[in-house]
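Okay, so here's the structure we're looking at.
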Amino acid sequence: MRRGPLMVLFCYILWGFLPIYWKLLADVNSYVNLGNRAIWSFLLCVVILAFGKKLAEVKAIFQDRPEMWRLFIAGGVLLVNWGSYIIAVNTNHIVDASLAYYLNPILSIVIGYFIFKERLAPLQWVGVALASCGVVISVVSYGHVPWLALVIGLSFAVYGAIKKTCRSASISALSVELAPWLVPMMIFVGLMVAHGQAGAAPTWQFLLLPTTGVVTAVPLFFYSTGIASTDYTLAGILMYINPTLQLLCGTLLYGEMVTPAQKITFAFVWAGLACYMVSTLLQARRQGRHP
């Protein structure tokens with residue numbers, strides 16, 4: 001395998017094992033975890049850009065007002081995704097989080113159809129229908145919508161749709177996305193700590209909080225570096241390593257049970273994904289590309 005696909009693969013593996021990291025911080029308030037992730041990710045991005053002498057890229061983004069505002073909005077959506085994911089992991093809903101990222105390509109297809117007026121192949125329509133059936137089965141079985149899975153999956157799909165309209169490089173873009181949220185997050189975390197609401201965690205967990213920036217920036221670096229030389233079809237297939245590893249973490253490491261209804265939901269979603277992947281591979285073959 002070439003260097004580019006290997007870096008993308010490594011990124012997905014790191015994302016797949018993120019539940020283990022957030023479980024280490026389980027005693028810290030989830031919102032404090034979110035605030036720290038935003039703060040330390042921003043600071044690390046600035047350090048990376050400074051060492052790479054690329055701070056001019058950030059200045060250029062701020063001078064391009066439409067691009068800047070798109071990234072500001074993307075940052076807000078990203079925080080929703082981060083927050084809901086952290087809550088899912090720390091409330092023992094890793095299986096739901098994995099379902100979210102299996103659903104993500106299907107949700108992206110729907111957004112592409114309605115927002116970007118992209119045409120769907122017949123197999124893609126079948127995939128959307130099967131995944132939708134899976135969600136409906138979950139609602140009927142439990143009597144409620146699987147909100148965590150839908151919020152995580154939909155927020156990431158919306159984030160991807162906004163990023164589709166942006167031109168900025170990944171690290172520069174992330175720093176701008178988080179910039180307007182830096183001060184509010186610092187104030188929020190400070191107030192939580194001052195009022196004793198940061199969580200009943202041992203000292204080592206609080207000392208681990210600065211690494212939230214590392215677990216955010218490092219996979220992103222591998223992805224942004226490798227994706228340029230990776231066939232998009234192959235990248236789309238490799239991405240399923242992430243939710244698969246999350247599912248294994250939830251069930252094998254943390255003992256989460258997969259209920260019969262969840263198994264049926266997963267079966268429908270996986271069937272929908274199979275249709276999506278076959279459609280993608282057929283389209284790539286027609287265009288003369290090979291994953």
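In case you wondered, yes, glycine gets a Cβ from its N, Cα and C as well.
Helix, strand and coil residue tallies for the domain 'EamA' (3-139), in that order: 117 helix, 0 strand, 20 coil [DSSP]. Summarising the annotation, TrEMBL assigns domain 'EamA' to 3-139 (among others).
For 7-26 (among others), the entry in TrEMBL reads transmembrane segment. Under 8 Å from some Cβ of the transmembrane segment (7-26) lie the Cβ atoms of residues 1, 33, 85-86, 89-90, 94, 97, 201, 205, 208-209, 212, 215, 218-220, 222-223, 225-227, 230, 234-235, 238-239, 241-246, 249-250, 253-254, all in the same chain and six or more residues away from its ends.
Positions annotated as transmembrane segment by TrEMBL: 38-56 (among others).
The transmembrane segment feature in TrEMBL is assigned to 68-87 (among others).
The transmembrane segment feature in TrEMBL is assigned to 99-116 (among others). If you look at the transmembrane segment (99-116), the same-chain residues 6 or more away from its ends with a CB under 8 A from one of its CBs are 85, 88, 124, 127-128, 131, 135, 146, 148-154, 156-158, 160-161, 164, 236, 239-240, 242-243, 246, 262, 265-266, 269-270, 272-273, 276.
Annotation comment: TrEMBL describes 146-162 (among others) as transmembrane segment. Sequence-distant contacts of the transmembrane segment (146-162), counting only residues of its own chain at least 6 positions beyond either end whose CB sits under 8 Å from a CB of the stretch, comprise 70, 73-74, 77-78, 80-81, 84-85, 87-88, 93, 96-97, 99-101, 103-104, 107-108, 110-112, 115-116, 135, 138-139, 265.
Summed and averaged per residue, pLDDT over the domain 'EamA' (148-275) gives 92. Per TrEMBL, domain 'EamA' is recorded for 148-275 (among others).
For 174-194 (among others), the entry in TrEMBL reads transmembrane segment.
Within the chain, the transmembrane segment (206-225) has long-range Cβ neighbours (under 8 A, six or more residues past its boundaries) at 4, 7-8, 10-11, 14-15, 18, 21, 24-25, 28, 32-33, 36-37, 39-45, 48, 169-171, 174, 198. According to TrEMBL, the transmembrane segment annotation covers 206-225 (among others).
Long-range neighbours of the transmembrane segment (232-254) within the same chain, counting only residues 6 or more positions beyond its ends whose Cβ lies under 8 Å from a Cβ of the stretch, are 5, 8-9, 12-13, 15-20, 23, 92, 94-95, 97-102, 105, 273, 277, 280-281, 284, 289, 291. According to TrEMBL, the feature transmembrane segment maps to 232-254 (among others).
Feature annotation from TrEMBL assigns transmembrane segment to 266-284 (among others).
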Fill in the blank from the handout: Within the same chain, the residues 6 or more beyond the ends of the transmembrane segment (174-194) and with Cβ under 8 Å of it are 29, 31-32, 34-36, 38-39, 41-42, 45-46, 49, 58, 61-62, 68, 71-72, 74-76, 78-79, 168, 216-217, 220
Fill in the blank from the handout: The answer for the transmembrane segment (266-284), taking Cβ pairs under 8 Å and residues 6+ beyond its ends, is 99, 102-103, 105-106, 109, 121, 123-124, 126-131, 133-134, 137, 231, 233, 236-237, 240, 258, 290-291
